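Next up is a structure, given as structure tokens.
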Amino acid sequence: MFTKYKFLYFLFDSTFFKYWYVIPMAMKIYIEGFDEKGYGVGNNIHVPFAYPGDIVEVKVRRKGKKKIGEIVKIIEESPYRTSNKYCAHLGKCGGCLWGLMDYQYQLEFKKKVIENLFGYDKDIIPSPKTIYYRNRMDYPIYNKVSLKEPGKWYGYIPIKECKMLSKEAEIIINEFNKFIEKYKIPSWDTVKHTGFLRYLVIREGKFTKERMIHIITYKRKKFEELWDFIENIKDLVTSVYWGIREDLGDVSISEKLYHYYGSKFLRERILDIEYYISPNSFFQTNSYQAVNLVKIVKEFLEPSENDVVLDLYSGVGLFSLQIANEVKKVIGIEIVEEAVEMAKLNASINNIDAEFIASPVEKAPIIKANKIIVDPPRAGLTNKAIEYIEKINPDTIVYVSCNPYTQKRDINKLKGYKIIDMQPLDMFPNTPHIENVILMKKSRTTD
């Protein structure tokens with residue numbers, strides 16, 4: 001039977017689809033600048049892995065109203081390019097979109113983004129490490145461990161190395177590829193919605209040298225073969241989980257978890273605080289730069305013994321636990337119940353008095369607080385979340401964001417506050433993403 005899923009697969013996989021969306025003639029274009037995603041732009045064509053000053057020959061396809069270019073040949077290289085090609089997959093997988101650009105120029109372009117958005121001339125704090133800096137990678141499985149092509153949710157690049165995580169992770173990736181081949185385990189097909197293996201998630205404690213493996217699959221009663229893989233990597237890991245996700249969405253979070261090996265949690269240490277992290281919990285992905293992030297948040301917040309602080313989108317308590325001993329009270333609000341449980345555990349193991357509430361920010365209780373830390377996801381604050389903050393009416397807001405575009409949008413909506421200072425950081429080297437911390441104070445009526 002020719003179901004709608006088979007039709008979609010035919011559409012995506014067929015020559016018809018490729019030529020219907022691809023302009024058949026290659027075009028030569030000059031790259032003038034970047035778009036918000038970090039793609040090079042020239043002649044209104046958006047080109048991954050192209051940088052200002054490049055002259056490139058591209059094949060063009062349409063994605064909605066946008067024209068996307070795929071580099072066929074670099075005719076003249078941008079002066080911003082680097083000769084340090086540190087990974088075999090550079091220019092193919094979407095993990096390091098700016099990986100072919102010199103790091104100092106990456107910082108300069110990120111600085112320009114902040115300056116154009118906010119009018120602040122602030123140097124970006126560089127990442128202490130530019131490779132092997134991430135503490136988590138979520139690798140989709142498509143026959144082999146893979147990463148995705150930029151802008152293509154259905155396009156996979158099989159990998160044998162990844163310079164974002166660690167050398168040990170590269171060994172694990174290759175062992176998992178051998179494991180897949182040995183047992184002929186089918187991978188999940190995001191179009192047909194068939195198969196089994198979905199994601200290999202590797203998490204690391206950069207300061208504790210611990211490592212957690214979280215293998216996410218479609219539903220199945222048993223996964224006995226997994227013990228064979230564990231036997232081959234057990235000297236490299238401290239924890240292994242098998243997780244099941246029955247939902248058809250392409251998300252690397254498990255609905256059911258089975259603990260197979262080692263510790264139940266991954267530990268990470270930021271400054272003097274130890275954090276326990278569960279498989280589905282969020283944690284800042286660059287532990288080295290998280291140290292600087294925490295210091296900036298504390299500097300902007302200026303915690304004192306009379307302060308009551310609300311930490312919105314508090315996760316496992318990264319900021320709350322760092323300031324708890326310096327304020328009268330800190331309350332974290334977090335929608336993910338698993339993260340709230342971890343935050344409570346982290347408070348306990350560090351002998352810290354802090355309160356955590358499982359709730360969407362929009363539905364959280366109104367708490368009298370004079371200071372707020374807010375660190376929302378990339379999508380930023382909803383209108384209801386902004387209304388909640390305005391009801392609290394704090395004197396000080398410290399807004400931490402991994403997306404300065406939505407941060408700018410939200411600040412424009414917040415009534416009665418003005419920007420006092422900001423500090424951008426490079427949490428994500430070799431990508432166009434920017435972390436930005438903004439200090440806001442309540443405006444006086446005479447201002």
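Using N, Cα and C of the backbone, Cβ positions are placed for all residues, glycine too.
What Swiss-Prot records for Cys87, Cys93, Cys96, Cys162 is [4Fe-4S] cluster binding site. The S-adenosyl-L-methionine binding site annotation in Swiss-Prot covers Gln284, Tyr313, Glu334, Asp375 and rests on sequence analysis. The active site, nucleophile feature in Swiss-Prot is assigned to Cys402.
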Using the alpha carbons only, what distance in Å do you get between Glu334 (S-adenosyl-L-methionine binding site) and Cys402 (active site, nucleophile) once rounded?
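Glu334 (S-adenosyl-L-methionine binding site) to Cys402 (active site, nucleophile), Cα-Cα distance: 17 Å.
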Return the residues near Cys162 ([4Fe-4S] cluster binding site), defined as same-chain residues 6+ apart in sequence whose C-beta is under 8 angstroms from its C-beta, sorted by sequence, else 'none'.
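The list for Cys162 ([4Fe-4S] cluster binding site) reads Cys87, His89, Gly95, Met137, Tyr139, Leu147, Ala169, Glu170, Ile173, given in order along the sequence.
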Whole-number answer please: how many Å between the C-alpha atoms of Gln284 (S-adenosyl-L-methionine binding site) and the residue listed as 'active site, nucleophile'?
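About 10 Å separate the Cα atoms of these two residues.
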Any idea what DSSP makes of Glu334 (S-adenosyl-L-methionine binding site), helix, strand or coil?
strand
Closest of the binding-site residues to the residue listed as 'active site, nucleophile', Cα to Cα, picking from Cys93, Cys96, Tyr313, Asp375?
Asp375
Around the S-adenosyl-L-methionine site formed by Gln284, Tyr313, Glu334, Asp375, list the extra residues of the same chain whose Cβ is within 8 Å of the site's Cβ centroid.
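Not counting the recorded site residues, we get Phe282, Asp311, Leu312, Ser314, Gly315, Leu318, Phe319, Pro376, Val400.
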Between Cys93 ([4Fe-4S] cluster binding site) and Asp375 (S-adenosyl-L-methionine binding site), how many Å separate their Cα atoms?
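Rounded to the nearest whole number, the Cα-Cα distance is 28 Å.
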C-alpha of Tyr313 (S-adenosyl-L-methionine binding site) to C-alpha of Cys96 ([4Fe-4S] cluster binding site): distance in Å?
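Each residue's Cα considered, Tyr313 (S-adenosyl-L-methionine binding site) and Cys96 ([4Fe-4S] cluster binding site) end up 27 Å apart.
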Please give the maximum pairwise Cα distance, in Å and rounded to a whole number, for the S-adenosyl-L-methionine-binding set Gln284, Tyr313, Glu334, Asp375.
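Farthest Cα pair among residues binding S-adenosyl-L-methionine: 15 Å.
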Measuring Cα to Cα, tell me the gap between Cys96 ([4Fe-4S] cluster binding site) and Asp375 (S-adenosyl-L-methionine binding site) in whole angstrom.
24
Going by DSSP, is Cys96 ([4Fe-4S] cluster binding site) part of a helix, a strand, or coil?
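For Cys96 ([4Fe-4S] cluster binding site) - judged by DSSP and reduced to three states - the answer is helix.
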For the recorded [4Fe-4S] cluster site formed by Cys87, Cys93, Cys96, Cys162, which further same-chain residues have Cβ atoms within 8 Å of the site's Cβ center?
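Near the [4Fe-4S] cluster site, the remaining chain residues are His89, Leu90, Gly95, Gly99, Leu147, Ile159, Glu161, Lys163, Met164.
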Tell me which residues of the chain lie with their Cβ under 8 angstroms from that of Asp375 (S-adenosyl-L-methionine binding site), as long as they are six or more apart in sequence?
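Asp375 (S-adenosyl-L-methionine binding site) has long-range Cβ partners Asp311, Leu312, Tyr313, Ser314, Gly315, Phe319, Tyr399, Val400, Ser401.
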